[in-house]
Amino acid sequence: MEASDHDEDVEEKPRLKHKGKHDKPKPWDDPSIDHWKIEKFDPTWNDGGMLEVSSFSTLFPQYREKYLQEVWPIVKGALKGYGISCELNLVEGSMTVSTTRKTRDPYIIVKARDLIKLLSRSVPAPQAIKILNDEVQCDIIKIGSLVHNKERFVKRRQNLIGRDSTTLKAIEILTGCYVLVQGNTVAAMGSFKGLKQVRRIVEDCMHNKKHPIYHIKELMIKRELEKNPELANESWDRYLPKYKKKNVKRKKVKSKEKKPYTPFPPPQQPSKIDLQLESGEYFLSDKKKSAKKWQEKQEKQAEKTAENKRKREAAFVPPKEPTKQDSNKYEDDENDLATMTKSLKDKSQKFGKQSAIENVNPETFIASSEPPSKKSKRSKS
């Protein structure tokens, strides 16, 4: 009985939920620590090395075989410093990287995998080796499947590159990434932020959403806005340009009228022999057939010569003489011109008289109070 009473007391007590019981202060919850900073790997963090062997391999195209043979010692030396072994198989056309007992950094094998991927996508070896640094990342964008039409694909890929690779160079400067367009892929190397921008530019260009030049303008404006600390916590939408997609008028495809469906096939057209049988030409001798052909040929030539003669003589046909109606029309035009000139002359004369009246000096017509001089009398006499 006592045991059962004890059990009932235990069941009656409700379980208290303590919200945030695991929210204890952590040593890394410090505002002075930059969580985005990538610290360089120290081999002392992993003295024991790797427990298992990890390896990656990738195929490369045949045109890269000669170049890879030349630069393979450089690639091998770069990977040896990180404790990674590499192998170039020319028979299978593949590159393989794998960890060894000297490998300390567990993430370096992923970097080595990216290295052989970049080498197979025509990235030069000195540039591809930079991927082994912790600050540099890579992204291989597949653009071959984004556009199905080959002509459109080539045109949009050229828009991404630009004339004399100017557009590609501008993208590299603004994003801080190395970009290489090769075949059906775009290989990019840089920071995470820059790679995100490059992927967006490439996909928008291949989907024909926005031309790369508009993305370049936006990035240039953003670069200038970043310099102003007052705009750090504000939205930049009002400063960025807004582009509206214009609907280009396309030629309307002429739709053919659908004929009524009939389950029966169309009647068979008569062959050349059938037509000859109908006209009776089939039963003629070879001599008569050739004579008939020659006669048809002569008729066609006669028609052609007659047409050419008519075209030549058309140049020597005199023009039509003006009829009575045309002469009356001409006279009316002359009369209209005469009346117009007369009215213009009258207007000019009238305007001249008015200007003369306006320029008259009234003092000359007013009699002066002074007596006339003797000189004036002599002149009068």
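Each position is counted from 1, following the chain as shown.
Note: Cβ is positioned from N, Cα and C throughout, glycine not excepted.
What TrEMBL says about this protein:
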COMPBIAS  1-11  compositional bias 'Acidic residues'
COMPBIAS  15-24  compositional bias 'Basic residues'
COMPBIAS  247-257  compositional bias 'Basic residues'
COMPBIAS  288-314  compositional bias 'Basic and acidic residues'
COMPBIAS  321-330  compositional bias 'Basic and acidic residues'
DOMAIN    54-134  domain 'KRR1 small subunit processome component first KH'
DOMAIN    136-227  domain 'KRR1 small subunit processome component second KH'
REGION    1-31  region 'Disordered'
REGION    247-274  region 'Disordered'
REGION    288-381  region 'Disordered'
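Sequence-distant neighbours of the compositional bias 'Basic and acidic residues' (288-314) (same chain, 6+ residues past either end, Cβ-Cβ under 8 Å): 281. Averaged over the domain 'KRR1 small subunit processome component first KH' (54-134), the predicted model reaches a pLDDT of 93. Per DSSP, the secondary structure of the domain 'KRR1 small subunit processome component first KH' (54-134) breaks down as 40 helix, 17 strand, 24 coil. Shown for the compositional bias 'Basic residues' (247-257): DSSP residue counts in helix, strand and coil, namely 0 helix, 0 strand, 11 coil.
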